Structures are given as structure tokens and as C-alpha cells.
Amino acid sequence: MIYRWLLLVSCLLLALLAQRGAAKSSSPKIAPPTKIDHKPSSLFYFEDTDTVLMNTVNGDLLRSVDAGETWSVVEGDDGGMKHHVLLIRQHPYDNKKAYALGPNGRHWVTTDQAKTWASFNIAEFPAIRHYPLVFHGGDSSKVIFQGEECAGRYCIVRSYYTTDDFATVKLLRESTGGCAWAVGHPQFAEDLNLAEEIKDRSFCVVPGLKVPLPHANRLVYSDDYFRGNAEGTETKLQEGRPVSGVISTAAVKKFIVAAAKSKGTEELALYVTVDAKNWHRAEFDGHRIEEDAYTMLESTNYSLQVDVLTSPRSGMGVLFTSNSNGTYFTRNIEHTNRNSEGMVDFEKIAGIQGIVLVNTVQNPEEVESGSAKKKITSRISFDDGRTFQPLKSDGENLHLHSVTALRNIGRVFSSPAPGLVMGIGNTGNHLQEYAECNLYISDDAGVTWRRAIKHPHKYEFGDQGAVVIAVRDEGRVDKINYSLDHGKEWASVELQHKIYPTMVTTTPDSTSLKFIVVGSLKESQDGEHVIYSIDFDGLHERKCEEDDFEKWPARLDEHGKPDCLMGHKQFYMRRRANANCFVDEEFKDPQPIFEACKCTAEDFECEYRRTEDGKGCVIPSPLTPPEGECKKPDDKFMGPSGWRLIPGDACIRDGGENLDKEIERSCKDASSPSTDGKIRVTLQLLEARDYAQYYYLERQSSSSGSDETIIMLSSEHEVYVTHDHGKTWERPLKGEEITRVYLHPYSSDVAFLLTDGKEGFWTEDRGHTFKPFQAPAPPTQDRFLQVMAFHPVHKDRLIWTGAVDCHSGDCHSDAFIKKGRGKNWEPLLSYVQKCEFESRETRPNSTNLVYCEQFEKQSKNGRLQLLSSDDFFNDNEVQFVDVINYATMSEFIIVASRQPENPDSLVASTSVDGRTFARAQFPPNVQVPVQTAYTVLESSTHAVFLHVTASSTEGGEYGPIIKSNSNGTSYVLSISAVNRNSLGYVDFEKAQGLEGVAVVNVVSNVADVSKKVPKKLKTMITHNDGAQWMLLPPPTKDADGKSFGCSVVAGKGTDDCSLHLHGYTERKDERDTFASGSAIGLMMAVGNVGDHLAGGDEADTFITNDGGISWKSVKKGKYMWEYGDSGSVIVIVPESKPTKTIHYSLDEGDTWEEFQFSDVEVRINDISTVPSDTSKNFLLWARLSNSEVQDKFATFNIDFSGVRPRPCLLDENQGNSDDYYIWEPKHPFQENNCLFGHSEQYHRKKPSAQCWNDWRESHVHSIGTNCTCTRADYECDYNYEPQSDGSCALVPGLPKPDAMEICKKDPDTIEYWEPTGYRRIPQTTCQGGLNLDHFVSKPCPNKEEEYKQKHGISGVGLFFAIVTPLAVAGAAGYYAYSKWDGKFGQIRLGESAGTSQSFLSRDSWLVTVPIAIVAGTVAVARALPLLVTSLWRGASGFIRLGRGRGYSRPYASRGSFAARRGDYTSIVDDEDELLGVEDAELDEDDEA
């Protein structure tokens, strides 16, 4: 018995020993490889699982549930996923969800880690330029799907949303920049108790209310998926006001960042919020942020990291770190290395606060000059970027390849394995090529490094750093290297196949002992690939115990002791490098240990920003001292220091620094000397004799600076520059003779100063510095030709027109092109007159489109031909062979060429796409047999205004203005006999900022002008874009309160009594316009009241504040004027006579004050301010004579900034406020404020509000409503002309236009409409109402069947056509029956006296039956024809699905400006009759 027990025990011991021996193996286990036929495009693990998804380039989706050992193809329930997965996305905040997007509108979602997939349908291709999926940070069931439709640079994004994992999908809205959730990250607003308020909030970048171009984009939000308010609420990004030009938004941990860019600058404004409500503009310590020139980097929980491009040519930047609310950024390190895709060599060490690895450029000056390649060096910071130091290996500097040379998936250097960091690099002076580098490793978070293995490798960490693997990353390999002691000792294991490795990866938390290695069997990495699964589970026989771990400090200070960051030290319990065990805690992340520190200065930040010396904080606004303090300026009071403890900082206050305590401040700090109510004057006497021209470098709304820069060219050709609006002047190019100045029209910080030779100068920093440049030839000698042309998109792409062969007698102009900064000038075309870039955002595939006028046969005696090219004239196309000139305006190119059949006459042609031209069809009532000149006036409202010279007799020039349709080809007469001068300029001006308002001067005595009688001019105004014109109503009193010597009728101007204004042809400076784009509704002018425009000596000065409907006399005599602060201040000064005073108004011209700016009288040549009229500074250009100087050129700066104490407060949601009211432009003949089918609303400062607008851009508050159509929404069609009653009639003797022309142009068109004489104004958005352009539709030839199918009544329609009249008849009969009460005319005051029924009571059959029959018969007889007609007309065109022509979207979304011609249902006349509005309809017809 004892023997048996001994034998049993012995066997058990042997079995146990044998089992332990099997547990420890000498090498990792490699599963049989899996071969796939196509290259993987992406791969990811579901976090905390062994489940892996892999997408291949052929559209297959593979799944592994055992960390890559085995794989299966995911086919879906019906096999639809096979070969149809375009891309896969993992939910970043839910480890159970993933999404597979298909190319054909069918997509799939899994909520159980790819065990099952549910399909959903969205008929959109996933967005490429925007995120196709946007995830909610708080509710993983909420996802936004985005598809896009692009034409050139412009895209329409359609965003769909789900709140139930795509079980249901709804359209969120259309936009231009996509949509995003407010809660875009789990950390967003998590401590602010806003969960309920913002849980459903979404932001969308949508088109501007008026202009569908990027510079007008808006950021709107909705808390109900845009159901209650389809337009959404505009986000107040800057000081409680909306901002235009929003490009995109991004969620970065606890921040949301929005980027905006204005027209005319590349500078971006970044706005940041931490609560989705309050936004602030981020400041970058004086640095500019430009589009595609900043990168949002991996950020912390308490700050943003941004790298800003500073050198576009060479790819270098500056690294910035923000304060805790993301508003003020501090520069960390200069010359960071970037690539052309915006990737930055920057990475935070995973799991450890405050350690950052960056690469910088050692030789920035040489690289910038183009004389050397980058020398890249690596730097590391252990204090969150405050200081950086070199990486060290064996006493030498170490440099590592980083993000710009990414060779594997995942992070570059680190993983969640505490303290372990690896990289490919070399020691020495700078970084070498990748192939020359080795693998280095650090196990103390980058403090010290050692070489691990020679040659570059792909690498990965496992088991919290207990295992490190590396696969050589050059050529074919057949082995894997691994280390179990933090890279000190290495071993290897053979692979079955030789591969070119493409991926080495493991679980995201690096806690697994399993790895995946993917490689290609071909060097090209196309075709067949192999997947290996490597398992290290058997290499150690035991799991680590407590003694195998060490308490490892994550950060050390310069003395080698644990360092504090954000108020605490950080430690990890980490496996010792030599421990003979595995951690084997799969999917359990290492947990940091924190120990609090006492507060130091590093735990505080400035609430706004630091002082220049970095030792204190700037207080953003004047301090308010406590009540009773500051009785004297030299007194002191206790006020804020400007410091605050960084939010989230856990330092111990007791015994530590206390920078945020109040400090003693001088009462001088509490005063604001600039707002003392006074106007300030600064006189500057200049050495120049006079000015020849001056140029403002307008600062755009997204620009960060505040300078007001002017470049002035003196009469001696010397340049003067001021950055403070003339308070001080400097001469940066003293001694240089500058003959021309060109401002870059698409980049307002850039200007070019030319000489008469090849030498020139340019500035890109608003005149602070000027750099010389060499032109390929001297400027063209033709003073009427422009020397420089600029590309609208590529700001460094230029065309230069220069004089060539001028010493040989064959002086002509050649064009040269510079294709980018740093590029050389290249010849473009010889013997040219003008060359221009024709790239436009609304013109697809036009990036390289160039137009040039070239003399035929390269001879100045040849005809001038117009050429176009897409490849800089390697090839070209002749557009016209005999042109006079061409002009580009808005979306149109208009060409004037000679008629082949009559060379003495011109013909106009128009193109929208820049490829095809159509000959302009002039209206027959414009009889100009020999067309000698055109003037293109304006085309901002989707139509061209063209002046055709009818008389070119000297002193008697005039002609009609005609207006085009939306493609610029068919014209109608807008107004006749408009004044022109000998240079071709026309008395026509659009009121800036107001749709459809324009002013002209017409020649009223045309018959006499041909007899050499001087022209008599009358001023007329239109409020509906030239469809109707009226005389200007005069003021009731003149400036002295006296009546004018004439009278008006019903407040309207008459031929004998109206206001007439001196116009464009009489201006010294074309910039002196009536109106301002920022002072909406205000216009000023000089003129007189009477029967025609009198001479300048009889002129007075007038103002209107309602867009020209009513006018007021301001001053007797002629004055020059300028608007400031968007119209809240207006300054006028006498023209052409000595003065020492100006007059100004602070209430839109209601009252005027006088201000003396000089002790002696001076003669003012001009008054100016910034072109946007948003400054509080004005500049008087004068000639001064006093006891000290005689007739000296001088400037006076008049500064109003101290007059008012504060900026105005605006609440966009309320509209009206204490400082603002909502103003709507009106039409003098309409009561509903509708212009172009909608009413607009603007914020205007109340004249009584004592505050400043401080807004650089005029802002539409809203498009109030789309109105019903009226006569004002129509203009006369081709071959029709307006009559005296406002109607349109066919021109006598002319046929109606061929309505069937549309059928010939488009074979797919089913129907055409008989002409009515009217057409819709191109920009109107009206809906319903008066339908003047469509009455009768007819089928196109051979389209009768399709026409019947489209308009025929269905069985259901026929049923209702029969039943409805009968039902109406029955209802009418019952009504008569129920209301009859026995006697006609009976009035009952109480109950009937008796209860017996009379023969004629209402219940008597003698009454009920006849009445029912009669009423029914009458109702049927009346209703049936009307209803049948209504149904027929309704089916035959008043409800239309399309008109058989291409639908061009003139606006960016369906919601705003949706209406187009013929897209809306109208109520027909007979339906109006049924509704009882016959009389109203007749009245409206009479008016029409």
C-alpha cells in the first residue's frame, strides 16, 4: 500500500516537472502564415480584445478573433460586403463599434466587435475632403455621416445623422464645410454641467446668406438637428458677434477650434471654446496663422499644441502651446520640421505628462535661401515644452526620424508601455538618411538612449514593455528580433517566407504578448501579402509578482529627482528590466501614481498674456478701482495680478507660491486716457512737394494686427509709408525712384513697387520691410496696360508684362510668368497687350487658365487676337481673331471684337466657364447701328450691366445701359441715354452693400445734344437692379431750413423737381463713392434740386440713411466726405476752398458738429480713410501755409477713437438691443421690404448709442423671409420693352422670341413655355405669388407622349375631379338647408313662440328639397369647370419637376436662396376666384 502511494506521488512529481518544462519555450510561437491576394489599406484592433479588422485595397474586409492567427472574409448577411468596403472606421470612444463604408450608397455598422453587421443606405459617396464620419464624445450611438459633391475647389457637403447606430438616418443639413457635434470628445465640457444643454448640439459651416463663396461662410449651430430652425443659429465667435469666412471646425479634447479666413488675405483667425457657447480668438504672440499652414497637434487635457508654418518654401514652423482656455499661445521652439502635407515632427510620450519629442532645422537661413538641404536635429522637453534639450546616447547627440518619415502604423516613438521609447536615427551633428540609421531605445522616457540594433527596423512593444520586437526595414527579411530586457539583449526567430515588411503592430494598450507582422512578397508591395501572428506567451514560466516591479518616476528634473508638473509627480509600478517573468495583465493599462507638490510659479498662467519680459501679466482692459479709491492719480489700490492657477493643476497651496493674489496697482492703470471724449489731431509736414497717389493696405477681418498702413507715392516718385494712419511717416526706400505701385488684389498684406527698370521692391508684411526683386524686363511702356497680373488662388503666381527690344526699334510687350515663390521668371507669350489669370472658384478646372491678347503674326501691325491656354501657352486656343479689349467681372468674361461683316462696328461676346463664348443678343429697342464702344459696369448680381455707346460726339457722349440674363448672353434694355465721358467712364454706381440699388445720370435732351447743345443730366435710381428707375425725391428743406423753389407729387421726384447728383465721371478719385459696404443704407453726394443737374458752383451736399429713398440737405456748397466705424461717424470737409474746420456727425447725419483741426486755414485736396470705412481715423491731405512754412504739403490725422468709451454690445439672437436695431432695406413702391424675393435684415447701431461698432465687416443678420412674387421680381424679356404703366410690351414690328429654341438646344426637353414678355430677375428668390413668365406650356416636337405622361391626370386625379364637385355641392346644399329658418329676412331675437312647424319652416320638405337641388346645381355648375381647369393647369405645369435643362445651383444650400425660375407652385387665377380673391387679382393685374 505504501509502495503504491510512493509510486503515485513519484508519477505526479514527474508529470508536474514535465509540465513546467513544457511551459517555458526557447522562442515565440509563430502561427502558420495567412496569405491574402491584395495589399492591406488599414488595420486596427478593437481595444481590449484580440479582434482585428483589416481592409484590403480590393474592397474586402477581413476579421480575426485570435490576434491575427486566423482570418475570415466578412461578407455580411447577404454577401453584399464582399469587394464593397471602401474604408473602415473604428469608433474612437466605443470599443464595440466600427463602420464599413461602401462606394455605392450602401454602408454597414457593427455594435458587437464585428460579430454581426447591419447595413444602412445613404445615397452618397463618403466625403474625401471632409471627415466621412463624425463621432459624438458622449453618446456613441450618435454619428454624423458626410458625403460631398465637388466642382473645382467648391464642395457641397450633405451631412446625415443617426441617434441609434444607423437604425434610422436623417438629413442634418447641406453645408459647405461639413458638420460636427459640439461634444466631439469625452472630455469636452465634462466638468461644466452642460451635458443636457449641449448633448444634441451640432455645428455646421454653411454658405453666406448672400454670397456662396468661402469668404462668406458662416458657422451655425442647432440643438434640435435643424428641425425647428432650418437655418440654425449663427455662432458668435468674436466678442459676441458672428464671423464670416469660417473654413472648418475641429474637436481637440476639451476644446473646439474654428478657423476663419477673410477675402483678400491668407491669414486665418482661430477661435476656441471650452463650452460650445463662449468663443475667443486665439493669439499667437504676434505670429500669423495661414490656411494650410497650421497643424493641430496631439494636445493635453489643459492646453492646445499648434505648429504654425513660417517658411512655406522649406517647410519649417514654430511650436506654440496655449493657456488652459486656448486663447493665448506661447512660443515653445522655432524652426520645427514639417513636410508639404502639414505633418510635423512632434510626438508626446504616451502615458507620461510633459515629455515631448520634436525635430528642428539646424540651418534655417541656408534652407530658406535655397542654398542647402535641411539639417535636422532632435530635441526633447521634460517640462511640457518650456525648455528643450538634445537627446543623448553615449555622450553624443542623437537624432531620430519622426512623423514626417513614418514607416509603420500607430505612434512613432512610444506606446503605453511606461518609459519605453524607440526610434530610428543616428548620433552626430544632424539626422542622416533613413537607410543609414540604426534602432535606438530608451527605458527612462528619453533621458538616456542606447543603440539597440544596427540598421533601421520596424518595432513594437508588448506586455507593458516586457517584450520588444523589431523587424528590419530594408529589403527582404526572414526573421524577427526580440528582447525581453528593455532592448539590452536580443534574440531572433525565423519566418517561413521572406517578406518586405509593411506593418508591425499589437493591441493599442501594448499589454498583449501577441504581435502581428504584415509583409509583401513583392518589393513593389502590390499583390500578395503574408500575415504572421507571433505569440510570446511561453517564453517565461511565471507571472510577475510584487518584487518584480519597481516604482519608476516618469519625469526627472535636472538633478535626477522626480519632477513636478501640473502640481504633482508621476510614477508607475514597472516590471524590472531583468525580471524573469511576464506582467501578463492583458488589456489592463498601467495606472499612474500621483504625488502632490507645493505650488510653484510653473503652476500659474496669465489670464490674458504675459508681459514682454515674461515676468508679469498684461491686463486686457482698464481696471475699475474699488469705490472710494483713486481720489488722486498717484494713489494706489489693490487689484488683480493677472495670474491664475492653471485649471486642473493639483498643487498644494499651503506653503507654496501664490501668484494670483491681489497686488498693489497705481490708479494711473485704472484710467483710460484714450477715451476722454476728445478728438485728437496729428500734423505731419512732409518733404515731398505733393502726393501723386496713395494706397491703403486694407486689413481684413481675420487679420490679427491693428495697424492702418498707407503707401504714398510722392510727385517726386519717392515712397512714404505709415502704419498708424498718417500719425508718423517713414521713407523706407529713400533715394529709389518708384514709378508704379501694385497692391496684390488677393492678398492685402502684399505690395509691389516698380521702377522704370528691371529692379523692383516688394513687401509681404504690410510695408514693414521691402525686399528687392529682379523683373525679366522693364515694365511695358504702354501706360494704359497693366504690368502685373495676380492669380486669385496661388498668391505667389504672377504675370509680368515687360518692354522688350526697345533699343532696336521694335519695342513691344512680352509676358512672363512666375509659377511660385522661389521660381524663376519664364517666358509666357510675345507681342502681347494684356495677360490675365482666369481661375475662379466658381469656374471648374480653371487653375491654370490664362488669357492673353496677342498681336497676330507677332507684329504690332497685326490684328489683336484673344488666346487662352491651360498649360501656360505650350498649347493655346484662339478665342477671337480681332478683339478690341476684354474684361473679367465676377463670373463673366466679356469680349469686344470687330464684326467680321462690318469692321467699323463691334460685337460683344460672353463666357461664364472661360471655354465657350456666346454672342450677346442686344434688345431690338437698342438701335446702335455702329457699336463703337462698350463699358462693362458691374456684374455682382448674376447679370452683366453693359453700357453701349450710342453717341461718341465729343461732349455729347451717352448710350443705353442693357442688362443680361444669368449667363450674360441675352440682354434687355434697363435704361436709355446714360451719360458717359470721352474716356468711356459712365455715370453709374452701385450702392455698396445694398442689393439692387444703383444710381445713374441720364441725358434728358438727347435730341438737342446732336445739335451741339450741352447735355442736361437727370439723376435716377433703381431699387430692383435696373428693372425700374425713378427720379430722386428731393429734400423738403435745404441745409438752412428753406424750401426749394419747386414741388413734388406724393413725395416722388418729378421732371421739374428732383434731386440730381454729380456722378462717377466728375470724380478726381474713383474711390470716393456715394455709399460704403460697411455703412449699410448711408449714401452721400453733391448735387442740386431742380429740373436737371447744375454746375458744381451751385451744388450742395446731401445724405440719405435709407438707401436713397429719402434725402436730407447737409451743408450748402460742395464737401468731401468719408465714413468711419461702419458709418457711426461721418466727416465732411469743404472741397476746393481754404478751411481750418471739419464737420462731423455721430448720428448718421441727423446732426453735425464743427471741429477746428488747424490754427490756420489750409486747402484740403482729399480726405481718406481705410477702404472698408471701419476705422476711427481720417486723413486730410492738405497744403499748409503759415508763418513758418509756405505752401507745404502736409497731412492731418483726425482720430475719433477717444470720443466714445466702449464697444457696442450685440445680441445676435435678439436682434434689437440697447445699442442696435434691425434695419431692413425698403423699396419705395412696396410695403413688405421685399427686394429680389426676400427681405434682408442688418444690424445698425442706434444713432443715440454712445459706443463703437468695432466691426470690420458688414453682416447680414438674416434673410428674413422669401416673399411671394410681384411685378418687381420680373423684368422685360428679349424683344420686349417697358411701357409707361410699368408693363412689358412687344417692340412694334418685332416677332415674339422663338420659345421652341430651348427644344433645339436640349433634345431631352419635353416642353416649352410661350413667351409672356417677362422674365424673372436672375437673383430673385421669390416663391409663388404673381407668375408672369409662365402661362401656357406646350410639348416640344416629338415629345407629345412624354408631355402627356408628365401632365396627364391619373385615375386618382380623375376620381377627385368628379367626386370633389359633388361633395362641394352637397355641402352647399346642406349649408342652405341647415341655415334656412322659414322666412327671408327674418331676424330672431329669441326662441320661436310656438313649437308647431310651419309649412315654410326650415324642416319642411317644401323648403329643404328645392333648396338642396338648386344649391347643388349652382355649386356644381360653378365649381366643376373651375376645379377641372385647376386640376388640368396644376397637372400641366404649375407643379413641375423640371424644365428639361441643366439645373445650376447659384447658391450653396437649398435652404437659403433656394428659389429659381420656375421651381415653385403658383395658385392659378381660377383657384384665386374659388378662394374669393377675384377683386385682388384684378387689382394686381391692373397694376401690372
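Note that Cβ sites are derived from N, Cα and C of the backbone, with glycine treated the same way.
If you check Swiss-Prot, you get these features:
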CARBOHYD  ASN301  N-linked glycosylation site
CARBOHYD  ASN325  N-linked glycosylation site
CARBOHYD  ASN481  N-linked glycosylation site
CARBOHYD  ASN845  N-linked glycosylation site
CARBOHYD  ASN967  N-linked glycosylation site
CARBOHYD  ASN1266  N-linked glycosylation site
REPEAT    63-72  repeat 'BNR 1'
REPEAT    380-389  repeat 'BNR 2'
REPEAT    440-450  repeat 'BNR 3'
REPEAT    482-490  repeat 'BNR 4'
REPEAT    720-730  repeat 'BNR 5'
REPEAT    1102-1112  repeat 'BNR 6'
REPEAT    1144-1153  repeat 'BNR 7'
TOPO_DOM  24-1351  topological domain 'Lumenal'
TOPO_DOM  1373-1405  topological domain 'Cytoplasmic'
TOPO_DOM  1427-1488  topological domain 'Lumenal'
TRANSMEM  1352-1372  transmembrane segment
TRANSMEM  1406-1426  transmembrane segment
Residues in the repeat 'BNR 6' (1102-1112) grouped by DSSP into helix, strand and remaining coil: 0 helix, 4 strand, 7 coil
Range from 63-72, 482-490, 1102-1112, 1144-1153 with the greatest count of C-beta pairs under 8 A to the repeat 'BNR 3' (440-450): 482-490
Candidate nearest ASN845 (N-linked glycosylation site) in space, where candidates are the glycosylation sites ASN301, ASN325, ASN481, ASN967, ASN1266 and distance is Cα-Cα: ASN967
Same-chain residues near the repeat 'BNR 1' (63-72), Cβ under 8 Å, at least 6 residues beyond its ends: 31, 34, 36, 50-54, 114, 507, 512, 514, 516, 531-533, 535
Pairwise Cα distance for ASN967 (N-linked glycosylation site)/ASN1266 (N-linked glycosylation site) [Å, integer]: 23
Rounded to the nearest Å - Cα separation of ASN1266 (N-linked glycosylation site) and ASN481 (N-linked glycosylation site): 71
Rounded mean pLDDT for the residues that make up the repeat 'BNR 6' (1102-1112): 94
Cβ-Cβ under 8 Å with the repeat 'BNR 4' (482-490): same-chain residues at least 6 beyond its ends: 28, 420, 422, 441, 443, 450, 452-453, 465-470, 536, 539-540, 577-578
For ASN301 (N-linked glycosylation site): DSSP state (helix, strand, coil): coil
Local Cβ density at ASN325 (N-linked glycosylation site) - other Cβ atoms counted within 10 Å: 21
Under 8 Å by Cβ from ASN301 (N-linked glycosylation site), same chain, sequence gap 6 or more: GLN187, LYS253, LYS254, GLY648
Other CB atoms, at most 10 A from the CB of ASN845 (N-linked glycosylation site): 13
Rounded Cα separation (Å) that holds between ASN325 (N-linked glycosylation site) and ASN481 (N-linked glycosylation site): 46
Packing count at ASN481 (N-linked glycosylation site) (other Cβ atoms within 10 Å of its Cβ): 20
Least surrounded among the glycosylation sites, given as ASN967, ASN1266, when other CB atoms within 10 Å are counted: ASN967
